[in-house]
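Working notes for the structure below.
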Amino acid sequence: MASNAKACACPWVDRLHLLVALMLLVVAVAGMAPVAAAEAAFDENYEVQWGADGYHLVVGGTEVNITMDQSSGAGFRSKSMYGSGFFHMRMKLPANGYTAGVVTTFYLISQPEDGNRDEIDFEFLGDKPGVPITLQTNVFVNGRGDREQRLHLWFDPAADFHDYKILWNPYQLVMYVDDTPIRVLRNLTAAVPGYPFPAKQTMLIRASMWDGSGWATDGGRAKVDWSEGPFTAGYRCFDVNGCAATSGGGTAATPTTTPCSSPDLWWNGGEYRNITAEQRAAYEGVMRKYVNYDYCADRARFPNNIVPIECNYAA
């Protein structure tokens, strides 16, 4: 199912299709071999946040490997803060067999990272051999999370690289695996008092791998087994399609003064204000076939079985 997303120049070329076509035409006329569009190098838009010892985080131009052992994990972050965008990362998870307790992430988070933060999470929770890796998503608004959804994917995320995307604009939040929506939250704050949506704080892009033995697998009963390590995850696709708040708008590479809510930014355009009928069918299929935990269905965890307000509105 196609999302029509222009999330990144790998494997797509963002907003350059016409230019590339013209270049290829010129190349063909000149009888020269076409040259592929270059992917962004890691250090164009990102920087190491922790684990910068040359082992736990290794930058190889357009690919980064994060390794976790008993001494440390590692993480990186975007250089800019963003107020909207279509964010994308290609990831390949650790393929050790036993990965219980290992947490591998890609997420957006506001600053400072305190009790008032906004956050949008992809968290991959490792497990024992023969048990699928769990993808947990979560959304924090003004410091309140507890909005977990968990699913087992329809493929092995440790076998190869796949695309993980976050569309975040003034109208909706959509999380994709490859081109399939797996989580949708509309922005109903104007119509529904108390409705939570991460609309007021700018956010960084972050990624990391760390020891989640205390909670990640079987409620913390299955810990990281360091004899099975080290554990290594790969990251690719370091282009950013987002409104860089440090400059007012645009991308990190080409800032403008456009407000982050402007319809002139393509990810805020009409085709990105609602999911399509095809996307909705795919999303409903994921919820039906692959989701094994949804906080909205766990009424026992809420006082008087009253679920949070957003659970009463269809995506």
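Numbers run from 1 along the shown chain.
Glycine too: its Cβ is placed from the backbone N, Cα and C atoms.
Feature list (source: TrEMBL):
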ACT_SITE  GLU119  active site, nucleophile
ACT_SITE  GLU123  active site, proton donor
DOMAIN    28-235  domain 'GH16'
SIGNAL    1-37  signal peptide
Nonlocal residues around the residue listed as 'active site, nucleophile', in sequence order (Cβ under 8 Å, 6 or more apart): TYR107, LEU108, ILE109, SER110, ASN138, VAL139, PHE140, GLY145, PRO198, MET203
Neighbourhood of GLU123 (active site, proton donor) by C-beta distance under 8 A, where only residues 6 or more apart in the same chain count: VAL103, THR104, THR105, TYR107, LEU135, GLN136, THR137, ASN138
